[in-house]
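A.B. asks: Dropping a structure here in structure tokens format, bear with me for questions.
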Amino acid sequence: MRLILLGAPGAGKGTQATFICQKYGIPQISTGDMLRAAVKAGTPLGIEAKKVMDAGGLVSDDLIINLVKERIAQSDCAAGFLFDGFPRTIPQADAMKAAGVKLDYVLEIDVPFDAIIERMSGRRSHAASGRTYHVKFNPPKVAGVDDVTGEPLIQRDDDKEETVKKRLEVYSAQTRPLVDYYSNWAKAEPAAAPKYRAISGTGGVDEITARAFAALAG
């Protein structure tokens, strides 16, 4: 099972990636983890990437694709892999296609933006313990305070509505076009292209997992 998981920030990709990887016995690969591992291992590509990053530059798509090819050739990818957050742009998808990286599925977890904003901007946390709440879905017993200590809850900067909206704007501009890219490729070249599947990411976690497994079985 070789697949790409697509979806906006806050769509629940991380949760579903864990379940999919457990079911199929495959590793979850993110470019950040992959870069860090290559740098730590001191591979030729890792050394090259470190030079770029140390100079404050962005690692090129060509280098990322070479790292991807190196990573998926490792033994833990024998049964497949799940790409999380990659490719992020059309040029990366094109480069992956040109490099002959074979994929079975592209699975999109689709959640309306207003639901994502509600999901993320409603989160509150207790800084000292890491306990998390949600003003609507999992509220504390007393609004704004931690159930255990009675200390005030905070809203992380990442969860503030304006931050969430900015991240969704970046996703719309850069990554959302991949949905059309892969769905159009699947229609044009069904034999060569990965199967494109979209599921709703709203509802309970178990419900969404069942949808994901059903989509990957067909």
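The backbone N, Cα and C atoms fix where each Cβ goes, glycine too.
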A.B. asks: Which stretch, out of 30-59, 180-209, is listed as region 'NMP' by Swiss-Prot?
C.D. replies: 30-59
A.B. asks: Would you kindly list the residues that approach the region 'NMP' (30-59) from elsewhere in its chain, counting only those six or more residues past its ends and only Cβ-Cβ distances under 8 Å?
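C.D. replies: Tertiary neighbours of the region 'NMP' (30-59) are 66-68, 70-71, 83-86, 88.
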A.B. asks: Which of ARG88, ARG123, ARG156 (the binding-site residues) has the most other Cβ atoms within 10 Å?
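C.D. replies: When each Cβ's neighbours within 10 Å are tallied, ARG123 tops the list.
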A.B. asks: Give me the CA-CA distance between PHE86 (AMP binding site) and GLY14 (ATP binding site), in Å, as a whole number.
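C.D. replies: The Cα atom of PHE86 (AMP binding site) is 13 Å away from the Cα atom of GLY14 (ATP binding site).
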A.B. asks: By DSSP, what is the split of the region 'LID' (122-159) into helix, strand and coil residues?
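C.D. replies: Across the region 'LID' (122-159), DSSP assigns the residues as follows: 3 helix, 10 strand, 25 coil.
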A.B. asks: Fewest other C-beta atoms within 10 angstroms of its own C-beta: which of the binding-site residues VAL59, PHE86, TYR133 fits that?
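C.D. replies: Candidates: the binding-site residues VAL59, PHE86, TYR133. Fewest Cβ atoms within 10 Å: VAL59.
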A.B. asks: State the count of C-beta atoms found within 10 angstroms of the C-beta of GLY14 (ATP binding site), not counting that atom itself.
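C.D. replies: GLY14 (ATP binding site): 14 neighbouring Cβ atoms within 10 Å.
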